[in-house]
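**Student:** The feature domain 'Plant heme peroxidase family profile' is assigned by TrEMBL to 25-320. Positions annotated as disulfide bond by TrEMBL: C35-C115, C68-C73, C122-C316, C201-C226. Sequence annotations record features per position, and here TrEMBL assigns site 'Transition state stabilizer' to R62. TrEMBL lists D67, V70, G72, D74, S76, E88 with the feature Ca(2+) 1 binding site. For T195, D239, T242, D246, the entry in TrEMBL reads Ca(2+) 2 binding site.
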Amino acid sequence: MAGLRSLLVCIVVVAATIVIPTSAQLSASFYNSVCPQALPAIRRVVKQAIFREPRIGASLLRLHFHDCFVNGCDGSILLDDTSSFTGEKTALPNANSVRGFDVIDDIKNAVDKACKGSEVSCADILAVAARDSVFLLAGPLYQVQLGRRDARTASLNDANRNLPPPVFSFSQLLSTFQAHGLDLTDLVVLSAAHTIGLARCGTFRARIYNDTNIDPNFAASARQNCPSSGGDDNTEPLDATTRRFDTVYFKSLLQQKGLLHSDQELYKNNGTDSDKLVLKYSRNPVAFARDFSASMIKMGSIKPLTGNDGEVRLNCRKIN
């Protein structure tokens with residue numbers, strides 16, 4: 001297993017370094033001279049947080065995704081509401097759902113202490129914390145492109161419009177990803193972030209009670225903790241190895257055991273290109289590690305603020 005992991009790390013780092021197109025102003029070495037202690041400081045805090053609560057790794061990964069899909073990877077999801085704008089935290093896909101803000105605060109404090117000042121943006125902290133969460137939960141290690149700056153505003157309406165809900169059909173999911181410059185492969189591999197973490201009953205109730213493309217025993221088991229009414233915040237694992245970043249997510253889809261409707265939409269057993277990708281990744285963890293890493297770097301390059309745009313926040317929850 002150690003040998004396989006070393007192989008995955010080697011393959012992914014090389015691939016991410018050579019072949020992945022990124023924003024011209026982002027660089028993996030952005031902090032090497034100004035604060036070489038920055039990335040180790042982030043990983044230390046993420047490691048401590050995952051040790052306390054393994055689920056937080058999935059939460060940090062989700063924060064980065066939800067940040068990037070709303071006006072780019074700019075840390076806007078972290079902003080609290082102000083008198084001049086209503087932010088993204090209370091948008092329908094985020095309210096009582098996204099979490100990990102306290103861990104981001106801890107990371108920011110640790111990084112600023114290590115750098116003897118506010119050198120690292122909150123947007124970059126989200127990107128690195130997501131990568132480290134994946135790695136610490138047995139997933140691939142890839143090079144994060146850095147140099148993002150932080151937004152000075154956030155938008156509730158943009159969050160409601162841009163984040164795909166778990167009830168979306170395949171065509172709706174693909175359209176949403178394409179609108180952000182992503183393609184089918186990105187959709188399939190990034191959805192597999194659901195190989196870690198939990199889902200709330202309210203997000204999968206319709207699937208386990210109404211969908212027909214679901215394993216009946218799996219549905220019956222999920223209903224035990226998710227009644228037809230009430231219990232919205234009860235949780236179920238997104239796959240059977242929820243604390244390990246692996247390919248079980250894809251194997252679950254082959255068995256019609258995707259917990260979310262949107263997940264099972266990726267595999268319908270009718271020979272589509274999406275079906276073929278799910279089958280491929282279920283059998284080939286090296287290909288999944290490589291392509292997931294490439295797609296994370298691609299997603300992390302959606303409309304970043306760089307140069308003199310935006311700011312580097314002193315507090316990730318509010319503008320300077």
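From the backbone N, Cα and C atoms, a Cβ is placed for every residue, glycine too.
All annotation found in TrEMBL is predicted automatically rather than curated by experts.
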**Student:** If you average the pLDDT over the domain 'Plant heme peroxidase family profile' (25-320), what number do you get?
**Tutor:** 97
**Student:** How long is the line from the C-alpha of S76 (Ca(2+) 1 binding site) to the C-alpha of C226 (disulfide bond), rounded to the nearest angstrom?
**Tutor:** 32
**Student:** Fewest other C-beta atoms within 10 angstroms of its own C-beta: which of the binding-site residues D67, D74, E88, D239, D246 fits that?
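**Tutor:** Counting other Cβ atoms within 10 Å of each of the binding-site residues D67, D74, E88, D239, D246, the minimum falls on D246.
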**Student:** Distance check, please: Cα of C73 (disulfide bond) against Cα of D246 (Ca(2+) 2 binding site), rounded to an integer number of angstrom.
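**Tutor:** So the alpha carbons of C73 (disulfide bond) and D246 (Ca(2+) 2 binding site) sit roughly 25 Å from each other.
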**Student:** Check the Cα-Cα distances from R62 (site 'Transition state stabilizer') to the recorded positions C115, T195, C201, C316 and tell me which is shortest.
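**Tutor:** Comparing Cα positions, the candidate nearest R62 (site 'Transition state stabilizer') turns out to be T195.
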**Student:** What are the non-local neighbours of C68 (disulfide bond), defined as same-chain residues 6+ apart in sequence with CB under 8 A from its CB?
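**Tutor:** Set apart from C68 (disulfide bond) by at least 6 residues yet with Cβ under 8 Å, we have H180, M299, G300, I302.
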**Student:** Spatially, and counting Cα to Cα, which of the recorded positions is closest to G72 (Ca(2+) 1 binding site)? Options: C35, C122, T195, D239, D246.
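**Tutor:** The smallest Cα gap between G72 (Ca(2+) 1 binding site) and any of the recorded positions is with C122.
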**Student:** Taking the Cβ of T195 (Ca(2+) 2 binding site) as the centre, count every other Cβ atom within 10 Å, in any protein chain shown.
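**Tutor:** So the Cβ neighbour count for T195 (Ca(2+) 2 binding site) comes to 28.
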**Student:** Can you give me the same-chain residues 6 or more apart in sequence from C115 (disulfide bond) with a CB-CB distance under 8 Å?
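**Tutor:** Correct list: V34, C35, Q37, A38, A41.
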**Student:** Could you list the residues of the same chain, at least six apart in sequence, whose Cβ is under 8 A from the Cβ of C122 (disulfide bond)?
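**Tutor:** In sequence order, the residues whose Cβ lies under 8 Å from that of C122 (disulfide bond) (at least 6 apart) are G75, L78, I104, K108, D150, V312, R313, C316.
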